[in-house]
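Asks: Sharing the features that TrEMBL gives for it:
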TRANSMEM  122-143  transmembrane segment
TRANSMEM  155-177  transmembrane segment
TRANSMEM  183-204  transmembrane segment
TRANSMEM  211-231  transmembrane segment
TRANSMEM  254-277  transmembrane segment
REGION    292-340  region 'Disordered'
COMPBIAS  302-317  compositional bias 'Low complexity'
COMPBIAS  329-340  compositional bias 'Polar residues'
Amino acid sequence: MSGYDLYQSLGLSRAHPPEQLATELGRQISDLRAQGVQDSDPRLDEVLIARSVLGDAGRRTEYDRALDAAPGTAAEADVPWIKALAQRSAGWDMAGGNSAGNGAGSGGANVLAAIDRYLTPLPLAAVSGLLTVLGFITFFFNWGKVTMTDGPATLTFTITGFGSASMDMSGFGNLFLSDTRPGYTLLSLVILILLVVGTVLLGLTRDTRFGALLVAVAGGLLTLYGVWALFTKLGADDLFGGEEDFGSLPSPSVGAGAVLGLIVGVLTLAVGVLVVLRLQGSLLPQAWTSGKAASGSAAPVPQDAASDTQDAPSDPSDPSDPSDPSDGDNPNTQRPNAEQ
């Protein structure tokens with residue numbers, strides 16, 4: 001046996017058909033909600049996902065096959081794998097065989113499970129931290145540049161991502177002037193602060209949604225800043241009055257910093273959006289626990305993974321419902337044994 005045993009965890013019998021398991025799990029869901037258990041509680045999240053998997057014949061067959069397989073011979077039915085399976089369309093069974101790579105269904109579940117293992121706060125915080133460092137470095141590059149010539153003399157205006165502007169003239173003797181554009185300086189500092197705070201929150205807090213939002217906002221601002229620099233060269237041709245009477249017409253060009261900043265901004269925005277989508281369940285549901293299969297400890301997470309299953313209470317006329325008084329004297333009525 002390999003993986004997390006939903007039957008043992010939830011007191012279910014493997015002898016029951018999927019329809020009866022769905023009814024039992026539906027009753028557990030109703031009981032938990034009647035007790036005031038919130039949707040974000042890992043207990044309710046596990047039952048919802050179990051009903052999505054065990055209440056469907058195709059998913060249950062694939063789960064049982066993975067659960068019974070010898071270690072190393074099939075995909076391990078761990079929590080991320082189970083959650084990926086729960087996201088699949090109902091009744092989509094895997095072709096026969098016990099191989100981990102057998103069938104498109106198994107391959108899709110394995111890919112999603114592999115992605116889920118890397119969509120955890122620490123790896124994402126590490127990626128965000130790397131992008132923060134790269135963004136900080138790109139601000140020192142020139143984001144806009146304008147060159148003018150007059151005979152042997154060359155006049156060059158440059159501006160960095162931090163808003164540090166300079167004018168350099170060579171040919172008739174060297175002349176160097178520097179200045180600062182406060183608006184660009186403030187924008188670059190805001191972007192860096194958002195990146196640093198968002199990265200710290202991603203790595204050090206349990207609820208990473210706010211950190212992800214900060215990273216996404218910083219990435220969006222950096223992307224817009226890069227696009228603005230591509231079109232305007234950050235106004236390099238207007239630095240120090242532009243020196244319109246100096247020889248040839250201005251020759252503006254995009255600095256390397258603008259291109260690098262745009263790339264880093266897009267990547268940072270993608271990381272932030274990816275985390276937000278994952279936390280909302282649009283990609284994969286968050287795990288019930290960290291290593292719950294081994295330790296039994298739980299961490300609160302959102303309930304999104306079983307969104308394809310309706311949460312209606314069980315039908316009181318169902319013969320398997322022990323609350324139905326009409327079957328109290330019927331010896332042929334089969335009652336589910338929750339302790340099996």
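The backbone N, Cα and C atoms fix where each Cβ goes, glycine too.
Let's see these features in context: how buried, what's close, how far.
Replies: Long-range neighbours of the transmembrane segment (211-231) within the same chain, counting only residues 6 or more positions beyond its ends whose Cβ lies under 8 Å from a Cβ of the stretch, are 124-125, 128, 131, 135, 143-144, 161, 187-188, 190-192, 194-195, 197-202, 205, 254-255, 257-259, 261-273, 275-276, 279.
Below 8 angstroms of C-beta separation, residues 119, 124, 127-128, 131-132, 134-135, 138-145, 158-161, 195, 198, 202, 208-209, 211-227, 229-230, 233-234, 283 of the same chain, each at least six residues beyond the ends of the transmembrane segment (254-277), sit close to that stretch.
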Asks: Any residues 6+ beyond the ends of the transmembrane segment (183-204) with a Cβ under 8 Å from its own?
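Replies: Same-chain contacts beyond the ends: 121-122, 124-126, 128-129, 131-132, 135-136, 139, 159, 161-164, 210-215, 217-218, 221-222, 225, 234, 268, 272, 275.
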